[in-house]
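To keep things clear, I will list the structure first and then write my remarks on it.
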Amino acid sequence: MSTDKLLLPNGVKSDGVIRMTRADAAAAAASSSLGGGSQIFDELPKAAIVSVSRPDTTDFSPLLLSYTLELQYKQFKWTLQKKASQVLYLHFALKKRLIIEELHDKQEQVREWLHSLGIFDMQGSVVQDDEEPDDGALPLHYTEDSIKNRNVPSRAALPIIRPTIGRSETVVDRGRTAMQGYLSLFLGNLDIVNSKEVCKFLEVSRLSFAREYGSKMKEGYVTVKHLRDVPGSDGVRCCLPTHCLGFFGTSWTKVWAVLKPGFLALLEDPFSGKLLDIMVFDTLGLQGTKESSEQPRLAEQVKEHNPLRFGFKVTSGDRTVRLRTTSSRKVKEWVKAVDEAGCYSPHRFGSFAPPRGLTSDGSQAQWFVDGHTAFEAIAFAIQNATSEIFMTGWWLCPELYLKRPFEDHPSLRLDALLETKAKQGVKIYILLYKEVQIALKINSLYSKKRLQNIHKNVKVLRYPDHLSSGIYLWSHHEKIVIVDYQVCFIGGLDLCFGRYDTAEHKIGDCPPYIWPGKDYYNPRESEPNSWEETMKDELDRRKYPRMPWHDVHCALWGPPCRDVARHFVQRWNHSKRNKAPNEQTIPLLMPHHHMVLPHYLGTREIDIIAAAKPEEDPDKPVVLARHDSFSSASPPQEIPLLLPQETDADFAGRGDLKLDSGARQDPGETSEESDLDEAVNDWWWQIGKQSDCRCQIIRSVSQWSAGTSQPEDSIHRAYCSLIQNAEHFIYIENQFFISGLEKEDTILNRVLEALYRRILKAHEENKCFRVVIVIPLLPGFQGGIDDFGAATVRALMHWQYRTISREGTSILDNLNALLGPKTQDYISFYGLRSYGRLFEDGPIATSQIYVHSKLMIVDDRIAVIGSSNINDRSLLGSRDSEIGVVIEDKEFVESSMNGMKWMAGKFSYSLRCSLWSEHLGLHAGEIQKIEDPIKDATYKDLWMATAKKNTDIYNQVFSCIPNEHIRSRAALRHNMALCKDKLGHTTIDLGIAPERLESCGSDSWEILKETRGNLVCFPLQFMCDQEDLRPGFNESEFYTAPQVFH
């Protein structure tokens, strides 16, 4: 190497200030520059020296000057603290790499010459050494041309280290000028900037400027003990340098740590995308206590026994990771940076996620009633996926058809749809609940095998492992689909058999047209023992009805969607670590930026991609015409979900057929009477319009389910808080209603207490206040109520009636004691029922419509939608894992409450009217009848009257179960015997009717046509003479923990 390469290039003056020309900068190429698409920088960053400081010491050297550098690359800004000695080290590293590469090139020439002479092959090679203890070992990447242009002149660094005599101000000023000049040297050329040495100096990596992971924070080499040896990119295990082995010990592994808003990621090296580990910060552990004002910390320095070791630890959830670096100063920097990244501010309801939509941040929501529209919307979203799909559920069936009739849409079967997307390169992550097989028959192992065999891009985990975790009683109950971090679906609908339904809630499908094979589902009659022959019927369609399914689901866009994705990532990583820690094909996931909570960012810009713009007046409501809250006529770009544009002509008329005169009519037939938009289509009652809303994700999780440091019960807190603050009206649909009053010590959730207190407050204030609750008429488990194998059904009935109407513990008993008959003015309970013929000219049958919704609407302004039931399992946080969303309207329509003007929310009001129109059998022109939900004309004369009339008709025609007049097991057996004698065959809940009624001689079908909608009264006195419905000692359920049932 010629000595002239060490001389100052043209443009450097004798005053020591570097003034590089563009030509000189271009000639200084970086060593080990990454080629092509592997570069970190694709344009030059900018750097400025903010300040220069000198130590307080008389023995001063310019090498001790400290520089605060502010750097900017595109929209990313970050600050570095560097000493002059580190800059000198950078310079020597660049020079050394140039020498090594030239020697390597000469060595190859000598090797070829010796080989051509046939003498011997050179053994060994130039060994690379690390520049400093926290550098990484990376392979060299160079070309012949790049070697020629890799000179970084040594004299360019001399002004930084040249001894300076004079006043401190002069030293600092000249140091600033010299440093700025040297920064200009290696920041003026992309090859130099993308070198390993410069990227390490700037503390950047592949993740630094990935916008989806948020702002640029601290990065650098650390060593960790909990990882195995890291394999290098060439297959060689990446170990510590020789001089570090004695320092750290062979069990410590060097990794590149990347701190981002909300998580700490450990990579193999800065230029590798391989994620070795990740800690997603657990906000619950940061809440602290009211007694202590000290801010809890994520990181803290560790006192090492060896004074030459410098360590710290990071704690999040149930994990603690120990790390080491090369100096005490770096430990302090890391501890400070991690604590700043996890700085906590409390969230409403104690949730991990903040309220979204307070500004115009893109938070939007859309509701779906029943599986028909929800499944089609999910299918549409999956079809348009481009990068990643996350899915989790209590039960998932790969052979589920997302659009019906099923024979017309084979490509929209779930497994086929996922296979298509996986082959297109979309990564699909599916998290299944691993059931206790003796208790449940959902066969998640079969689902896992089917899904794994689809394609290598489909990754599947089942969790928990019951033996190792000790978790036998609780389940993962969330129902989530997330597509490209852009849209997510949550609510009550699992992607499994039995859930697909329409507003008609047909009870028959013979021959199969809508519900193939085991999708013709009635768990009251029979649960399949095997799900492998999915197209084979479990039930005789000519004898047994299916059990119709009523549910509510929603889609979310914007930051709420990414909060849901953060929850999925947390659960996935927790399951991966516990279930498949050594499975290389199952990766860890990193949360995207919008999943990161604003408190992690402090005063930083919250959204790098598109900063949120505050509304002009966020407190000013947006008032819409009432019909806008129902219109589905938005442009396609506003609603990127599937809105059915036409109805299959034969779809509505096949199968049974419920022909009752009270059924909802086509909106088009009453357009002259309706105040709705003319664009309302046939499905107006099943899908809402995409709306700007305030949304907050709430959940139930704990250490076993998500690895959190303590249980989160934000769903429970949200329910209680919203009930307490309701002004006029609460509407609840839920699969269960099991709760306790304050004096209750068995049932621990306090939803019932909140309702009780709110009703008493309304009574004391003499104000109109209504609570309407819709739940299943019977638990959706196999077995007749009097059957020996139906202990689960009876146990659930026990706890539910204990909450609703039984003496001593129930809300109705306690309210009746204070209010008497006025109790029903405040609160009432209902169920849903449907009827039809099992096939053309077949028997008349009925079945309860199984209410599986997990919904609460408050004052037509706030809606809670999710997976959580009202029971201890779902609400306490330490049991089943759940997720939900509180949706608060930002756009309003004029309505009324008890005859007074009321601004109802577009989302909540339209959803409530959709549900009520379905339950009451209203058509489009009758929406005004339910505009005011609490006035007597609606609540008593329409809602309660319709339920009572329908109930009386069903009792007259079927004498079906449950029945207000059946109050003991003896009466139940008597009723069952009479029906079987008359009909010869009936269902487990007496669901078959004679063609003509002997009591009046009337045609049963004609009488049933007098019903309207599906609403019926909940039988409060059913089995009330049976003191205890809990399992007896001769039943296996007796030996199960009681908490399983409530």
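Cβ coordinates are placed from backbone N, Cα and C, and glycine is handled just like the others.
Sequence annotations record features per position, and here Swiss-Prot assigns active site to His477, Lys479, Asp484, His852, Lys854, Asp859 based on sequence analysis. Taken from Swiss-Prot, the feature compositional bias 'Basic and acidic residues' applies to 653-667. Here Swiss-Prot flags 45-205 as domain 'PX'. Taken from Swiss-Prot, the feature domain 'PH' covers 215-343. Per Swiss-Prot, the feature domain 'PLD phosphodiesterase 1' maps to 472-499; the stated evidence is sequence analysis. Among the features that Swiss-Prot reports, domain 'PLD phosphodiesterase 2' is placed at 847-874. Under the heading region 'Disordered', Swiss-Prot lists 653-677.
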Can you count the other CB atoms that lie within 10 A of the CB of Asp859 (active site)? 23
Rounded to the nearest Å - Cα separation of Lys479 (active site) and His852 (active site): 12
For Asp859 (active site), identify the closest of the active-site residues His477, Asp484, His852, judging by Cα separation. His852
C-alpha of His852 (active site) to C-alpha of Asp484 (active site): distance in Å? 28
In the domain 'PLD phosphodiesterase 1' (472-499), how many residues does DSSP assign to helix, to strand and to coil? 0 helix, 10 strand, 18 coil
Per-region confidence, the domain 'PH' (215-343) (mean pLDDT, whole number): 75
A 10 Å Cβ contact count, applied to the active-site residues His852, Lys854: which residue has the minimum? His852
Sorry to bug you, but what's the C-alpha spacing from His477 (active site) to Asp484 (active site), rounded to the closest Å? 22
Per DSSP, what is the residue count of the domain 'PLD phosphodiesterase 2' (847-874) in each of helix, strand and coil? 3 helix, 15 strand, 10 coil
Once near-sequence residues are set aside, which residues in the chain of His477 (active site), 6 or more away, have Cβ atoms under 8 Å from its Cβ? Trp394, Tyr433, Ser867, Ser868, Asn869, Ser874, Asp880, Ser881, Glu882
Within 10 Å, the Cβ with the most other Cβ atoms among the active-site residues Lys479, Asp484 is that of Lys479
